[in-house]
Amino acid sequence: MKNKLGQIIHWIKNFIKKITPGEEAVRGASIGLLTVTGIFWIVFAIGIYTGLGDEWVLLFLLSFVTAAVLFGFLARWLLKQLSSLSELFKLALLIALPLLFIMSFNWIVHLIFIVLSMICGAAVLVLKKSGFKSLSKLNKTFTVLGLLLGIGGFVLVGILYAEEGFEVDPIANAALSSETNIPHIEAISPAQKGSYAVKTLTYGSGEDLHRKEFGEEVTLKTDSVNGLALIDNWKGFGGWYRTKYWGFDSESLPLNARVWYPEGEGPFPLALIVHGNHGMQDYSDPGYAYLGELLASRGIILASVDENFINGSWSDIFGGLEEENDARGWLLLEHLRIWHQWNRTEGHQFYNKIDTANLALIGHSRGGEAVAHAAMFNNLPFYPDDASVAFNYDFNIKSIVAIAPVDGQYEPGESRAKIKDVNYFVLHGAQDADVSSYMGSQQYERVSFTDSLYHFKTGVYVYGANHGQFNTSWGENDTGNPFTGILNLKQLLSAEDQRKIAEVYISAFLDISLKDQKEYLPLFVDARSGKEWLPETIYLNQFEDSNLKTVANFDEDFNVASITREGGEVRTENLSVWREQEIKLKWQKKGSRAVIVGWNYELEEETDSITSIPDSLIASYTIRIPEMQLDSSAVLVFSMAESAESAKPKSEGKWVKNNDNNNGNNESANDVEDIKDAEDKTDREMEESDDDEDKEKEPIDFTIQLRDSTGQKISFELSRFSPLQREIEVVIMKVDFITGNKQSEKIFQTFYFPVKDFQELNPDFNISGMEEIRFVFDKTESGVVNMDNIGFMKSLY
């Protein structure tokens, strides 16, 4: 048998040798490839030249040939150098690189580890094999230096890894710089425990293989549901392992949850909370106990839904579940179905205990997207991607809370989910290293109000909050990588502070939307109205309600001189930037357009001030509006964000003409002096720029002027509410301090001005006859701002 196998191998080797091209064949193939390619290139070039009749195109095409030849020789030289490397070294690289890649380090970290490892290894082996005494002086020097550099480098890396993080440029908190005395809400903190005793239980299949609370110790048993139609790719090795670990597949998904509920007669509002994607074996559902304890004590039942079985796994490296967020949302509706059954079942411990007219869904990360899908599915008769799957829910879901959500992981009918006539709240952190873009603001734009009931949508963006600390099981590491030290945690809020923010805002939102306690509404317009309840940091609030009368949201057309409200128009003066465009976030577009306006006065720092500029040169943006029938309850509102772009775009690039002297080197003494002055000015500007990096940028301020039909005006500063927060820059990873990668995006902030508060400035001003809103940029030397959703709403307080 052994001889027979040897003969087969020998025959295969001989066959391969016979069919392997010889030296002449390879040479001929090479010549043939170059010849045919050259002929086709000549024909191609002649065709281009004939069509264009431009001699320069021939030079352009010739340059391509030259570049290709140079690239060929350079690539051959590099390959030759690589082939000359030791076989062991090439093998080490080929093994190390994919392992480093799987560990998800930044390429700079890869490079540092490779270089330091090679230097250390080379120095140690040389010393071990040759001995220090036998080395030449030069080799001794290089070996010692290599050893010191390698070991020192690893020590330095270890020190930097152990550091919490590093300081960033200081950021001024614009809201705190306002002199306005914002009244505090006169109510107890929504994060204060209520009067109800809290009880807990679990419900589920009773067959869980890993958790007793959903297995033999489960309090209430539930039937599993078939999710085959909504889950893709539960197959292959990943599907096999998932089924093996959990003991079921997509056709038998359990309805498991942990419940915190108030002891009492009820009925009580019900909220479901669902986690997002995380390691499926690091269970996520216990991580919201802090919210369960709080809400239950305040008279709201909270069920933390277990969907760990559709979370990520190490086995997904060969292909995992795809676009499963529809299943996450659908499972929530199946949980609500169970709760409705219990509420109707006499003798059940939850019989008539659920206020089914007041339901809320809360989701974190992918769960934050899933709750929007659930709200949309709730009103649909069929599954939008397969109408053979019938829906029949129609529950009274009043409120949606999205904590650091993603958006677009699942797209119903290849479009983004739209929801209407529900209250929506999104909470996101600037230090989020997982969902590092404010994606919930996209869903915020796709929430609409069409019925006659009061609804509102709101968001809060929190400086220093990350992704994971909203869940006690996830913590400060947002990456899923066990090497937490790669993250810059210096600016991170403490876990206690971050969860306190979640408690305050989520509890207040549910009290408003489920229990009609509207005294907490101001908190969602201005965090300062609850400053005694909240940790100190930067909060950017967004707010819109169903009472809004829109003047301009810039989505109506491409005419920058028109507004959304029929019959209105725009006038501008002395702007350096003026356009309307789609709002861009870090990752995607926001789904809304805004007007971008900029101004720049180029003041001499030592001699000029903005007050010295003539009124005729002051920049402004004016909206003329048709009659709106406003009354004394009217509040001027708009959203605004700074743009970090240049306020003088026409001072560079295509707008700058080449003013070089045509007389070559025949420069006059004045020319030389001018050049010297320009160089000195540039040096000063660079020094000032370096100094500015260590200073806080002053927040942006300007004047708002309202005019009625008789010409009466009232004027007030933006800072009467708050100056505009400068664009927030964050550094997420420590390596970003090396690359200079600071992340930022346009986070809009709602500004709120009750007109009656300013009428004392001009008692003759007629609110009902308002016909003009004018933004006068007379307080800050230069800036670019994005404005959106300008309009009037009714006073909240």
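Each residue, glycine too, has its Cβ placed from N, Cα and C.
Note that the structure is a prediction, hence the values are computed from the model and not measured.
Here TrEMBL flags 648-657 (among others) as compositional bias 'Basic and acidic residues'. Sorting the compositional bias 'Basic and acidic residues' (648-657) by DSSP state (H, G, I as helix; E, B as strand; all else coil) yields 6 helix, 0 strand, 4 coil.
The compositional bias 'Low complexity' annotation in TrEMBL covers 658-669.
Per TrEMBL, the feature compositional bias 'Basic and acidic residues' maps to 673-684 (among others).
Per TrEMBL, compositional bias 'Acidic residues' is recorded for 685-695.
Annotation comment: TrEMBL describes 648-700 as region 'Disordered'.
The transmembrane segment annotation in TrEMBL covers 25-50 (among others).
Annotation comment: TrEMBL describes 56-79 (among others) as transmembrane segment.
According to TrEMBL, the feature transmembrane segment maps to 88-105 (among others).
Here TrEMBL flags 111-130 (among others) as transmembrane segment. Here the transmembrane segment (111-130) has long-range neighbours at 93, 96, 100, 105, 139, 143-144, 146-147, 149-151, 153-154, 157, meaning same-chain residues at least 6 beyond its ends whose C-beta is under 8 angstroms from one of its own.
With a cut-off of 8 Å between Cβ atoms, the residues of this chain six or more beyond the transmembrane segment (142-162) that come close are 112, 115-117, 119-124, 126-127, 132, 135, 483, 485-486, 734. Per TrEMBL, the feature transmembrane segment maps to 142-162 (among others).
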_Same chain only, please: residues at least 6 beyond the ends of the compositional bias 'Basic and acidic residues' (648-657) with a C-beta under 8 Å from a C-beta of the stretch. Say none if there are none._
576-577, 598, 600, 602, 782
*Report, as numbers and ranges, every residue of the chain located at least six residues beyond the transmembrane segment (56-79) whose Cβ falls under 8 Å of a Cβ in that stretch; write 'none' if there are none.*
41, 44-45, 48-49
*Same chain, outside the transmembrane segment (88-105) by at least 6, Cβ under 8 Å from its Cβ: which residues?*
82, 113-114, 117, 479, 481, 483, 486
